[in-house]
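Asks: Pasting the relevant annotations from Swiss-Prot:
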| type | residues | note |
| --- | --- | --- |
| BINDING | Gly75, Asn76, Ala77, Gly78, Ser79, Gly80, Lys81, Ser82 | ATP binding site |
Amino acid sequence: MSQESNDLFCEATYLNFTAMHGIQSIITRVRALADATLSDELIPPLSYFIEASNHENPVELEARDLPFAVYLISGNAGSGKSTCIQTLSEILDCIITGTTKVASQNIYCKLSNSYTSPHINTIFQEFGFKGNHVQANLGKWQYVCSTSPPTMKELQKKDIVYYWEVLSDITKSMLKVLDSETGPGKFDVIRTLEDLLGKPRGNLSWMTFGIHGSLPSFTRSNIIIIDEAGLLGKYLLTAIVYCWWLTNAVYRTPQYKRGLKPVLICVGSPTQTSSLESTFEHSKLRCNVRISENILTYIICNQTLRSYLDLSNNWAIFINNKRCTEPEFGDLLKTLEYGLPITEEHARMADNFVVPEAFINNPANLPGWTRLYSSHKEVSTYMSRLHDYLKTSGNNKFVVFTLPAYTFISLENFERYRTAANQPHITLEKWLNVNAGRLSNWSQSRDQDATQTRCEIRSQQGLAISCSDITYVLNSQVAVTTRLRKWVFGFCGTFENFLSVLKDDSFIKTHGEGSIEYAYRFLSHLLFNGMINFYNYLQQRSLSEHAVKTAYNKLATLTNTILFPQRQLSAGDGENFNDVIVPTDLCHFEGKGIEDVDIQQRHENVDDVIFSALDDQMIDLLYCNYEFGHAETSSEIYTQFSMLKTMFMGRYSIMVELFGRNFSTSRFDSYVDNVSSRGCEIFINNMRGGMLSLALQTDSYTLMGYTFARVNAFADEPIRRKIQPHVAEVLGELNMPTIVLKDQHGFMAAVNSNINDFVESVDDHELKMAVTADYGISSKLAMTIARSQGLSLERVAICFAHSGLKLSSVYVAMSRVTSSKYLRMNINPLRETHSRDDNNISEHLLAALRDPKVHIVY
């Protein structure tokens, strides 16, 4: 480490090892598990999977041990589990996944903050789960273990039989690779090359993934990280292991040849909301949602599994909440997390958060706070009450408006469904009503305030079109329910906000993955169009006349210095705006008032009339002397961006020096073209110059309205989604608006419509029943406690149910905030009758904390 420093930069180096000591032993243990090899007789042969694919009844399958290992990482919210994943990904070659899209994107955001990271898939995508498996009839077959306690082979067979409808389809699809010429031979070619070059086996296997980019991730590594694993049902543990062995047996990978086994690193909290499983009974037209044992509880509580996995030596517990800065509140959350005894002191602290239930349910109170409820019905009721209140309150900021959402039902497949499901008398309206939660996002369908559906039959296209109007609130906080394409076309915030965007590379990181040139070109466009905001600010009459004159002089001098660096102005020249030459051939400005000029004689252009009324000082020389061209090469693009960025930062410094915070917090808007609004509708002449990006569930958005402006990048959506031509034709006729969202940084974007296929499975029939088209957003003003898990919310007001209280739900709800100052509750759940639904998991956790073999990370 250098001890010297120059005048510009300090050369001292600081290394952060604060968390490394606790994580180092985890890395060592995971590496040991991953490097352990099996004898040949323990490796599941390819013939096992070929034979399994021929069985119609999975109960007849041979009970076989599918070897695997698990390292468990548990802990409460904000304790450092994600940081541990980041360290593991940096040091080990591993496959990182999440249980849901939100979990995957959360961990992606964590990784991409430090370095460039590929997108993180869900564990379902990695093991081969497809869209047509969503409607699979799980549990169609059942296997009863013959011994008590059951052996590991029996536990695995029980899970495989339960999940066989999905695993059977995945197995048959994977075995088709054997029939292709290059499928399983991809690694054989590399092995031949290793033999020719005299290299050890596996030395060049990494080249395979560079040559064949479409290889399944399971062929690359045997270390699989699953974030938020507590949301997975227990049978998925074996399903993942089964698919790993299947994939590697088919491709004959180096790790399969070496006898390596899959190592699952399960990360999460076993004491939060339960894993849920849903099935649809066509005979009763009813969707059944039931609680199932999650993977973490299964691993911790099942004695056979604990012994097989040697859990005590393969378990790390993170026990400190680093998000919460209040020790007393953090202690309360820890008590709820681990099921520790609740004291009177804890109860008295919770008393401080209690307010009347009517106070929380009144939309006039706690504006901007997120309401959490136990049921979707309560959420829907509050949203209706909120919308009614806003309609009559006269609030100009939070305005209520409605947008149409559509469902296109295939009449032919609907008739086939009625026959297959033995429902000859079911109507379209009834079918739509009972399947609302399956057609779109479950929470979205239950929570939103929507009108009664209206149906229209179009016999020529063979379609029934269902339409309902959904109510939204302008300027409210929303989240997208799935990953959607968006077209970023502007910025709306403050000067200070935009400066932070320029100083921080986060925008370039998140939007420059495809081509960084697009991101720089877009920012240059906003910089050029938004530079006039500095001069607009100076038009305020409340500003000091002397400060305004000084600002005009300094802005003009700065602009000329940057645009014409070869023109060396003396210090005296820089003091007077009159010394700066405005090119008259570009501007034609006379500098006289309109009243002094004969308009008909002196002006041929209306713009000249307008500008002649301005004082010379009001003219931004940038627009007179610089033509914003379309830079082509990378160097030209960055040079243009660098020049405009330098000018913006220079102007910002001048204005802050003269006007302070009053300027920096003033509004700064810039768009790729002229933008105006009327009510909730936004008008923009042309979207050209914007850039394509993705709207993620992990981002926070503000609903700014809607627009009918055409976005060319979205025109191929029906083709990309493989929507039937007649549906695409009708969708085009309806001309659905595009919603406009502002992200947490201030960037404005038009978000593509959320278009999805709905495929119904009835016995052995797969029917393409419907196509849905909505906006893919849900409000953050109110949601269920279960939906809030994993979200960080600034201000929360909770309405607990008065009966059936579960401490796991109480913990999830209360731990959404980082400060107890922004927490309100209708009751004190610690003083009410409550229960635990965690299968005595707390006792196991407390025992683990006392176990010297379990690794504790503070």
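Just so you know, glycine gets a Cβ as well, placed from its N, Cα and C.
Since we're looking at a predicted model, the values are computed, not measured.
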Asks: Over all shown protein chains, what is the count of other CB atoms within 10 A of the CB belonging to Ser79 (ATP binding site)?
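Replies: Other Cβ atoms found within 10 Å: 23.
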Asks: Given the binding-site residues Gly75, Asn76, which one has the fewest other C-beta atoms within 10 angstroms of its C-beta?
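Replies: It is Gly75 that, of the binding-site residues Gly75, Asn76, has the fewest other Cβ atoms within 10 Å.
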Asks: In terms of DSSP three-state secondary structure, what is the assignment for Gly75 (ATP binding site)?
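Replies: DSSP assigns Gly75 (ATP binding site) to strand.
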Asks: What is the one among the binding-site residues Lys81, Ser82 whose Cβ has the most other Cβ atoms less than or equal to 10 Å away?
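Replies: Result of the Cβ crowding comparison: Lys81.
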Asks: Please report the three-state DSSP label of Gly80 (ATP binding site).
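Replies: SS state of Gly80 (ATP binding site) = coil.
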Asks: Report, as a single number, how many Cβ atoms besides its own are within 10 Å of the Cβ of Gly80 (ATP binding site).
Replies: 21
